[in-house]
Amino acid sequence: MKIAIAGASGRMGRMLIEAVLNDADAQLVGALDRAGSPFLGQDAGAFLGKDTGVKLTDDLDAVFAQAEYLIDFTRPEGTMAHIEAALRHDVKLVIGTTGFTAEQKADLQAAAARIGIVFAANMSVGVNVTLKLLEFAAQHFSHGYDIEIIEAHHRHKVDAPSGTALMMGEAVAGALGRSLDDCAVYGRHGVTGERDPSSIGFAAVRGGDIVGDHTVLFAGIGERIEITHKSSSRVSYAQGALRAVRFLSARGAGLFDMQDVLGLR
């Protein structure tokens, strides 16, 4: 599997590079970084003390010409440029970027008519199994329970609520036969009035180096149920991304997510 990594100098990018280098079936063939990055020209394995022969570059076409797959955990504007390059070079994509606009999501979906794409806000096995647990719980706590989603991430995260929190909201809303767009409440301030019993609330915390904590609260009278997932390391995301690459190796064009990769549909 000839794999390139986008955002190669970032925290997630470095974790992905290490995972690829440690996988006997994978070959690191490219490492992309943003234009103007001080890391351009450095070896992709320098942070590990390894010489990979792969230099960080901002030349999209040079990297895509060598790759079969690109793993992309960057930002929406960068990912959209990577999608265009992937279409030019027939490269399959594993995308963990969050914060897309509706228009960008539509463009991503259109690209999947030509190339294979796994797109998931969270690629850990634990989170995706948690989504199934939430669907089950929501069906049994559909009456008399208020639903709130609380998430916490590091101080550098730029979007809120997190993509994973929104995935959890979609899972719960879908199990209840609702549209998340119609029932989501994002933060509260001032005199809000009584809670709408059909709403799903979101609260976001930002601070320190929190990798990612998510709790879905089902609050009833006399009891409350909390389903929580906590990430202590990004390694679970990297391993999930490689699992997604293996999944794509046996697939043609199409848009998939980690529920497909893990056989949870």
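Keep in mind that glycine also has a Cβ here, set from the backbone N, Cα and C atoms.
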Given that Swiss-Prot assigns Gly7, Ala8, Ser9, Gly10, Arg11, Met12, Gly96, Thr97, Thr98, Ala120, Ala121, Asn122, Met123 to the NAD(+) site, pick the one from Asp23, Asp25, Asp33, Asp107 that the record assigns to that site as well.
Asp33
At the level of the C-alpha atoms, what whole-angstrom distance separates His154 ((S)-2,3,4,5-tetrahydrodipicolinate binding site) and Arg11 (NAD(+) binding site)?
12
What does DSSP say about His153 (active site, proton donor/acceptor): helix, strand or coil?
strand
Cβ-Cβ distance under 8 Å to Asn122 (NAD(+) binding site), same chain, at least six residues away:
Gly96, Asn128, Gly163, Thr164, Met167, Gly212, Tyr237, Gly240, Met258
Under 8 Å by Cβ from Ala120 (NAD(+) binding site), counting only residues of that chain that are 6 or more apart:
Ile95, Gly96, Asn128, Met167, Gly240, Ala244, Asp257, Met258, Val261
Find the shortest Cα-Cα separation between Arg34 (NADP(+) binding site) and the recorded positions Ser9, Thr97, His153, Lys157, and name the residue that gives it.
Ser9
How many Å separate the Cα atoms of Asp33 (NAD(+) binding site) and Lys157 (active site, proton donor)?
18
